[in-house]
């Protein structure tokens with residue numbers, strides 16, 4: 001199966017310029033994807049383009065990841081409604097280094113093979129290019145009429161937009177077009193890929209190559225990923241789902257994929273994993289037979305978490321999930337680091353308790369009625385303790401008068417109380 005066929009069955013092609021498939025079948029081809037370096041981590045919205053590059057390299061072709069150091073200083077107006085913050089060079093260089101480390105989990109940069117991946121930064125060829133030379137050499141080839149016809153420009157200049165568009169952002173498509181021309185000349189790059197919102201910018205590049213060099217270059221875009229309910233993919237109430245554990249813990253990352261709908265899981269497993277058609281068909285059959293077991297979501301969450309983080313992080317995330325949603329032990333709870341513990345119990349009631357009072361020792365029954373409103377009365381707590389329905393840190397509480405002190409704390413700060421099977425409370429010593 002060639003690259004285009006692979007993307008087709010995965011639902012990853014929106015538009016493709018005529019001649020693209022023939023070019024790829026003819027010879028080893030270099031293709032690039034542009035990556036916005038405005039943060040020092042990729043988020044899952046970037047993953048579609050990254051997976052395209054991964055499939056491209058697996059098909060024997062040469063992937064190029066272009067970090068938009070120069071264009072990132074401006075901001076792409078495509079489908080955006082406001083001007084972007086501009087970044088300084090030191091920040092962009094730091095972001096580039098972080099992004100390359102993440103990309104190395106998907107692409108082989110170190111191989112001696114002719115299709116080894118390469119990372120480039122357009123700031124390296126734009127920083128010495130004077131404005132006068134640029135508008136003389138490049139600007140003369142693309143008319144304002146051509147640039148105004150792009151959907152992203154029309155949208156920002158429409159009456160509905162109160163923001164308007166600066167000359168800086170208007171010039172963005174010329175800069176991206178020049179990137180393609182530069183890579184065509186210096187890296188033999190014949191294909192640019194991206195999301196459907198990039199079609200206008202990509203075709204500006206193919207047009208520039210045609211007009212300046214008489215060369216043939218191609219374009220391929222993937223659909224913008226949406227959710228079945230029409231919501232925005234990759235966003236939660238707390239913001240983006242990042243690939244860097246500093247911003248999104250492996251547990252939260254795993255939970256995001258585990259909780260997608262059946263319809264989304266069937267779509268995402270083709271786009272965000274390397275699983276074959278046969279493997280996915282088998283999972284779909286399992287899902288149809290026993291949807292309550294959610295085999296698609298579980299496999300999707302496993303594959304993406306292992307790919308982005310590690311097998312160990314995936315296993316820890318599963319174990320952490322079992323603490324809240326299944327049967328787990330005191331030992332499993334002790335293994336959780338503080339970030340994962342807080343992520344797991346983010347949605348349960350929290351109570352602050354005095355560290356000094358706890359250090360002196362407090363009876364469990366007083367702690368759960370007077371210091372934290374877990375039980376409305378001591379009598380009710382006694383009744384549930386007698387039937388084995390109360391646990392502290394996943395250990396059954398045998399007596400309501402058991403004295404709790406600082407030695408019971410997790411990470412010297414937290415105490416987890418469970419009332420019945422499903423009610424959890426997190427006490428925080430302060």
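Here the Cβ of each residue, glycine as well, is placed from N, Cα and C on the backbone.
Annotated L-tyrosine binding site per Swiss-Prot: 32, 172, 176, in sequence order, evidence recorded as sequence analysis.
As annotated by Swiss-Prot, ATP binding site applies to 235, with the evidence given as sequence analysis.
Residues or ranges marked as domain 'S4 RNA-binding' in Swiss-Prot: 362-429.
DSSP assignment over the motif ''HIGH' region' (37-46) gives 3 helix, 1 strand, 6 coil. For 37-46, the entry in Swiss-Prot reads motif ''HIGH' region'.
Under the heading motif ''KMSKS' region', Swiss-Prot lists 232-236. According to DSSP, the motif ''KMSKS' region' (232-236) comprises 0 helix, 3 strand, 2 coil.
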Considering each pair of residues in 32, 172, 176, all listed as binding L-tyrosine, report the largest CA to CA distance in Å, no decimals. 17
Just going by other Cβ atoms within 10 Å, which of the binding-site residues 32, 172 has the emptiest spot? 172
What count of other C-beta atoms do you get within 10 angstroms of the C-beta of residue 176 (L-tyrosine binding site), across all chains shown? 28
Excluding the flanking five residues on each side, which residues at least 6 beyond the ends of the motif ''KMSKS' region' (232-236) place their CB within less than 8 Å of a CB in that stretch? 43-45, 225-226, 256
Please report the DSSP secondary structure of residue 176 (L-tyrosine binding site), reduced to three states. helix
